[in-house]
Amino acid sequence: MLLCTARLVGLQLLISCCWAFACHSTESSPDFTLPGDYLLAGLFPLHSGCLQVRHRPEVTLCDRSCSFNEHGYHLFQAMRLGVEEINNSTALLPNITLGYQLYDVCSDSANVYATLRVLSLPGQHHIELQGDLLHYSPTVLAVIGPDSTNRAATTAALLSPFLVPMISYAASSETLSVKRQYPSFLRTIPNDKYQVETMVLLLQKFGWTWISLVGSSDDYGQLGVQALENQATGQGICIAFKDIMPFSAQVGDERMQCLMRHLAQAGATVVVVFSSRQLARVFFESVVLTNLTGKVWVASEAWALSRHITGVPGIQRIGMVLGVAIQKRAVPGLKAFEEAYARADKKAPRPCHKGSWCSSNQLCRECQAFMAHTMPKLKAFSMSSAYNAYRAVYAVAHGLHQLLGCASGACSRGRVYPWQLLEQIHKVHFLLHKDTVAFNDNRDPLSSYNIIAWDWNGPKWTFTVLGSSTWSPVQLNINETKIQWHGKDNQVPKSVCSSDCLEGHQRVVTGFHHCCFECVPCGAGTFLNKSDLYRCQPCGKEEWAPEGSQTCFPRTVVFLALREHTSWVLLAANTLLLLLLLGTAGLFAWHLDTPVVRSAGGRLCFLMLGSLAAGSGSLYGFFGEPTRPACLLRQALFALGFTIFLSCLTVRSFQLIIIFKFSTKVPTFYHAWVQNHGAGLFVMISSAAQLLICLTWLVVWTPLPAREYQRFPHLVMLECTETNSLGFILAFLYNGLLSISAFACSYLGKDLPENYNEAKCVTFSLLFNFVSWIAFFTTASVYDGKYLPAANMMAGLSSLSSGFGGYFLPKCYVILCRPDLNSTEHFQASIQDYTRRCGST
């Protein structure tokens, strides 16, 4: 507040000097003032293009040094029409007359001058600064205008300490909605915040992620470009090139040539131009001069429908122009009002006499010279802007209507302070020619944008409304069938740094922009989530994905199920073996006292058959989903059972060698072996050693059910962990040593009596056992699939079958098929024959 006060004190001196200067040498037009019960101010750019540099602290004389601005003229007339309609209305502000003071704000100095004029006390040449501004009554109650963001910010800052309502028809910058800085600012044009969001949605809709961005150097352009860059990059859009055109930019100068070169080199098909009309004209004249064609130009509302831009010679060759435009609205009767003004007899400008209250910028000689056939044409862009000025006047009138209590049909005529009117204007909500006029909490209008495309019919320009943008939130509605693209087959132009990757390919950024990338397929076991296109994510433990996948699939859980044909075959074979073992045990029990059974070991055969049955029973643990009991028992029980069988086989062969070869040669050893029950002791010790190995194995390297994920990317293997342990290896090495011992003993007994000579059968069974396990371990080294347990079971079944077949089947054959060989006489004859052979040698 102190800063504003200090500025106003300094400006008070300036305004006194300026008025003194103006009143000596200027004139004013009666069209700029209208007396009334309550006055409004209108700030309009009736002139523009004031290029001279001031060397003295003087206000620009718009009528003398600037060119006529047709657009500003239509705004000027829209306010005059609005006030006239309100004064003629019996419903709105009955028995109250509105007056106005209109100013030509062709330059910043003219704008400051006009603002200070409306802030001054009625009939005074100064602004009275006092501690309490609550009861300060300036010349006007409200201000309509000015046109640009820069000038609106200046005016709003000066009006803010006094809370004089200011309704701008053209200042769209988002910063003006900050009420801490501009508490009395309202507007009838949409906030640039929504324009920027609309542009981003437009870019996203057509997949344009690689764009160039150009703005003007005023607040409108710079703030708009900055906001658009922030929002666009936040939505994954990359800015290939960005530049701001200076106020001094001219067609063909080095600055614009450099800008054109960079635009061409950037390679972006889409260029967003967020600029004022004046610099947009310079820009597109440079584009035409450089022959920069084949692009899509996205226009901000300031120039999207401006004839000032469409009139650039050769602009129809530059490519496609899409734009965001203020929703097309017409001021009813404005054209007729302007025509009537052109036909009317104008009063001559009155001179400013010393001490009078007039201004050099309340004069428009061109306006007074208009005839019906020379008056400016009312075009779409000017009509939309004029409507914003028109409804700003009505918003003030409705606020004053409520403040004066006019709802009863008659208005009170008490003193009104600007801050009181500001509160009422913020609350207005009414229909104006079927258009709702109201303000949100930021005092922005409830409005919308049109999305337009330029059309050319030869040299004639027109535009097509493609859709609209509404808020909040911002939503874009476009009828794409109305768009005629300037490319092959009416296809949407592409504006990307890199084309989209194939499904399942991640983007690897090259350079500084995330829109520029290479496509690399996701590795096996990873997938590309659409939420992050730049990083392949790993699948879950129970999932898998092939290379280049955008989703994960559940892994297939595999194990040797009972329902499989392989399982049926193995199950039948193992069951058959068990039945044979059981049948053999019964057969041997029935013929226990026969020579064949006694020579096979007698009761020791039942231990051998039982151990084989235990090993066979353990094989059932390989079927179905692995469980803890199955994992604990299946390999250990098999190893222990086969150890007992091999121990019995070894000791049986060794015992025959002792009887027939060492009983006479080494009688002491023979008697010690028999008296100390060497056979049973050997079997017990050998089995105990294997039992110790197995117990250590089960305790230290406990076999447990496990889910294996590494071998196959798409499978989960259910297995036991026994084959990965040292205990498993030790147990099978121990059985290997026993097999070698049994083989050696059998080989040493190859020349025993025929009925006791089992070398051939035992050798065959042991060799088959070796081959079976060598085949299994070879298979396991190259194959890790679901049928590995089946291979393991087959090796075990082969070992058991070879042991049973090599040792017991020949004896079963003699018992069942050759009972003549199962006699004491036959065995005695065989022993006698062996004795004769040994004696002869």
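Using N, Cα and C of the backbone, Cβ positions are placed for all residues, glycine too.
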- Query: Looking only at what Swiss-Prot records, are Arg634 and Pro789 on the same side of the membrane?
  - Reply: yes
- Going by what Swiss-Prot says, which of Asn87, Asn822 is noted as N-linked glycosylation site? Asn87
- Query: For Asn87 (N-linked glycosylation site), which residues in the same chain are close in space, meaning a Cβ under 8 Å from its Cβ, but six or more apart along the sequence?
  - Reply: Gly36, Leu93, Thr97, Leu98
- Query: How many whole Å apart are the CA atoms of Asn95 (N-linked glycosylation site) and Asn529 (N-linked glycosylation site)?
  - Reply: 69
- Query: Are there three or more C-beta pairs under 8 angstroms joining the transmembrane segment (762-782) and the transmembrane segment (604-624), sequence spacing 6 or more?
  - Reply: no
- DSSP three-state assignment for Asn87 (N-linked glycosylation site): helix
- Sort the glycosylation sites Asn291, Asn479, Asn529 by C-alpha distance from Asn88 (N-linked glycosylation site) and give me just the closest. Asn479
- Query: Under 8 Å, at least three CB pairs between the transmembrane segment (640-660) and the transmembrane segment (681-701) (pairs 6 or more apart)?
  - Reply: yes
- Message: Mean pLDDT for the topological domain 'Cytoplasmic' (661-680), rounded to an integer?
- Response: 68
- Message: Please give me the CB contact count at 10 A for Asn529 (N-linked glycosylation site), counting all chains in the structure.
- Response: 15
- Around the Cβ of Asn291 (N-linked glycosylation site), other Cβ atoms within 10 Å, all chains included, total 12
- Note on the structure: Sequence-distant residues near the topological domain 'Extracellular' (702-725) by C-beta distance (under 8 Å, 6 or more away from its ends) are 524-525, 541-542, 544, 546, 553, 555-559, 625-628, 630-632, 634-636, 780, 784-786, 788-789, 792
